[in-house]
Amino acid sequence: MNYIKPISKHTGFFVSRQPFTLESGGVLPEVTVAYRTWGRLNRDRSNAVLVCHALTGSADADEWWPGMFGKGCAFDPDHDFVICSNVLGSCYGTTGPLSVNPQSGRHYGPDFPAITIRDMVHLQRLLLDELGIERLRLVVGASLGGMQVLEWGCLYPEKVHALMPMGISGRHSAWCIAQSEAQRSAIMADREWNDGWYDPAHQPKGGLGAARMMAMCTYRSFENFQERFGRKRKDSLLFQAESYLHYQGEKLVRRFDANTYIALTRAMDMHDLGRGRESYEAALDAIRVPVAILSITSDILYPPEEQEELAKLIPDSSIGYLREPYGHDAFLILTDEVSAMVRQFKERIASGNHSAA
Ligand SMILES: CC(=O)SCCNC(=O)CCNC(=O)[C@H](O)C(C)(C)COP(=O)(O)OP(=O)(O)OC[C@H]1O[C@@H](n2cnc3c(N)ncnc32)[C@H](O)[C@@H]1OP(=O)(O)O
Ligand SMILES: N[C@@H](CCO)C(=O)O
């Protein structure tokens, strides 16, 4: 445990009663954002760090990213003012498919409008305005979080000093889109699905669990599964690899929502920094702040070639690697290494020598 003393955190809900217009043209009559902060904003408001979470994460960054918070770690509440907000469309307090639609008086369910990563970032921007933060010292995140980090660089370059995207690409590949659609199809094949109008208390458990099981296979690697489970059995009926996947599927079903899973994976599929801009290359070339890219060599979802492409196209960028065979979720497992990389990048930015690898 890295904490030398309990870290005080603040929990908040920001409610905007203004209509929130989405990239799709859809409008949410009002939006709520669940967020957490750690540490204090300094007098010149220059120590704010935004942490962006991945697909099934929440604002509780110290819970899903333990080892990143504390003295000498990536996020040190004695020095940083750390913010993490639950993304638009999620089910941990921010407006999403489980929220009540003020116009109908019932939860949005499958009527929740299509959202994009840009919508998520615009909403984070509203939260920062509310918190009085004009410029972020750093924006950090992996996977879906990394998509948000990159969009921050495109949408609000004047609002960020530096970016750290991890385990991500600049546009969702055909491979990732296919994985997402297979998972969504598993949910929709569940007899409880009912075109998304399931009772939230009785969601399509089998389908959502199967989706998570498929996803878990893509979050790890051949080598990792082979080394951990091999052909070991739990009992005469079940291999350990099967047992592990069932456990992970059931665990997600207890904490997540099927419509939310669909809305967020669709938003990920829409991720393309070039959409509606001059070109993909021009969008990346326009990111003019220092960017430290983290690449996971065993990631089968976002392979290193994709981060190397980002590094080639973003002018002031450097790239670092996690080389253990844990797969995509390595950013959640190798937290000592990830924390050290974030801390070193922060030091490099502070010294002005940010392009050193
Ligand atoms: C950036 C974000 O926002 S992420 C937010 C969402 N969070 C997540 O997705 C994290 C989900 N958690 C995980 O995937 C993993 O627990 C990690 C990545 C955090 C850690 O990975 P590991 O250290 O390798 O944990 P591991 O995969 O061994 O264990 C996970 C669970 O599987 C269980 N497990 C391991 N092997 C087996 C098996 N053969 N059969 C059944 N269960 C098993 C463990 O007991 C453990 O249970 P617990 O979570 O209730 O403690
Ligand atoms: N395992 C993490 C990362 C997925 O990209 C999650 O469930 O959010």
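Every residue, even glycine, has its Cβ placed from backbone N, Cα and C.
As given in TrEMBL:
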- Ser143: active site, nucleophile (ACT_SITE)
- Asp299: active site (ACT_SITE)
- His328: active site (ACT_SITE)
- Arg212, Asp329: substrate binding site (BINDING)
- 47-332: domain 'AB hydrolase-1' (DOMAIN)
- Spatial neighbours of the residue listed as 'active site, nucleophile' among the recorded positions Arg212, Asp299, His328, Asp329 [C-alpha, 10 Å]: His328, Asp329
- Note on the structure: Within 10 angstroms of the C-beta of Asp299 (active site), the count of other C-beta atoms across all shown chains comes to 27
- Query: To the nearest whole angstrom, what is the C-alpha distance linking His328 (active site) and Asp299 (active site)?
  - Reply: 4
- Query: Under a threshold of 6 Å between Cβ and any atom of ligand 2, which of the recorded positions Ser143, Arg212, Asp299, Asp329 are retained?
  - Reply: Ser143, Asp329
- Arg212 (substrate binding site) falls, by three-state DSSP, under helix
- What mean pLDDT does the predicted model reach across the domain 'AB hydrolase-1' (47-332)? 98
- Enter the number of other CB atoms within 10 angstroms of the CB of Arg212 (substrate binding site). 26
- Query: Are any of the recorded positions Arg212, Asp299, His328, Asp329 near ligand 1, with a Cβ under 6 Å from it, and if so which?
  - Reply: Asp329
- Asp299 (active site) versus Arg212 (substrate binding site) - Cα distance in angstrom: 17
- Per DSSP (helix/strand/coil reduction), Asp329 (substrate binding site) sits in coil
- Item | Rounded to the nearest Å - Cα separation of Asp299 (active site) and Asp329 (substrate binding site) | 8
